[in-house]
Amino acid sequence: MNEFTPETPSAPEAPVPSALHRIFIGQDGLRPGWGLLTFVILFFLLVRAAGFLAHLIHLLPMRAPGAVRPDPAPLFTIISEAIPFLVVALVSWIMSRIERRPVGVYGLGGQRKLPLFLVGAFWGALFLSMLVLILWKTGLLIVDMRLLFGSDVLRYAAVWLTGFLVVGLLEEYLTRGYLQYTLTRGLAALYRFAFKTRHSTALGFWSAALILSILFGAGHGNNPGESPIGLVAAGLAGLVFCLSLWRTGSLWWAIGFHAAWDWAQSFLYGVADSGTMVKFHLLATHPVGKPILSGGATGPEGSIFILPILFLVSLVIIYTLPHTNPLANDGGDLINLKTSSLDAEA
């Protein structure tokens, strides 16, 4: 180079992040711990505000402290479950903007929503019917009478289907949406740092699934008539639903299964769902015998027979759902999903 040759300007050095920046921001955006804390705080603040507003405008009835909770009616179920679901959806969207990710990576994206939902619904209704059939054939469940006739059958079948669709959306998206995704990110990073293993994502996912499924099961403890087996079954069901998420990267199979299971249980067969009976169901039934076998006041989910049913559901997931989740296929990194899940917006 001589005096007549212009010097090539050197590339500007990237600014060194401040210590405060590094506390909140990691290599893939907002650190998982802060994301989880933000999500939980926003959810509880907004759901309390929405609930207060719903009571204020008499969208939901006020209930005195300690009062016995009445059997839910369809409209009450739809409204009381839709409010927190809409809050979860809103907060998940807010977090996706903060973290600059497609909101679909939290479980409601993908290109096969309807097929996964319908297949899940088929298996949910089938396996609940199988459980009820076992209880009926063994004399542990007695069918008393039919309660609905004529147009009321289709009417309440439809409104309860709507209600339990909202239940499925809420419970799956709340416990296996943003929380599952973000807790997986955090735990995967810990496993990657501690063990230098290429299986860190799988370890993070299933550790997160175990934690959230335990919380999901424990959350059913507030239901009237719930039993130890019912709580265990709810937690195991959470893990089973996580298996479908791991296989497909989508919550839609679990949403369909969850909605159809609850609908068949509560409306079609008129049995208790985690200790809760609903109004306007097709059949009147009652359990007999030891609660550990019949489920007792908990319903079929409190019966020991639900355990082999959940095992069979797991086999159905393994042998019928394709490996379409990139994380399950090749041990991909969750960081890559920030930009590579192009179909998550669909």
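Placed from the backbone N, Cα and C atoms, the Cβ positions cover glycine too.
Pulled from TrEMBL, these are the features on record:
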DOMAIN    157-263  domain 'CAAX prenyl protease 2/Lysostaphin resistance protein A-like'
TRANSMEM  34-55  transmembrane segment
TRANSMEM  75-95  transmembrane segment
TRANSMEM  116-136  transmembrane segment
TRANSMEM  156-175  transmembrane segment
TRANSMEM  202-221  transmembrane segment
TRANSMEM  227-246  transmembrane segment
TRANSMEM  304-321  transmembrane segment
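Model confidence over the domain 'CAAX prenyl protease 2/Lysostaphin resistance protein A-like' (157-263) is summarised by a mean pLDDT of 94. When each of 34-55, 116-136, 156-175, 202-221 is checked for Cβ pairs under 8 Å to the transmembrane segment (227-246), 202-221 comes out on top. Taking every recorded stretch in 75-95, 156-175, 202-221 and counting its Cβ pairs under 8 Å to the transmembrane segment (34-55), the highest total belongs to 75-95. For the transmembrane segment (202-221), the list of distant contacts is 171, 175-176, 179-180, 183-191, 230-239, 242, 246, 274, 327-328, 331, 334: same-chain residues at least six beyond its ends, Cβ to Cβ under 8 Å. Sorting each residue of the domain 'CAAX prenyl protease 2/Lysostaphin resistance protein A-like' (157-263) by its DSSP state yields 94 helix, 0 strand, 13 coil.
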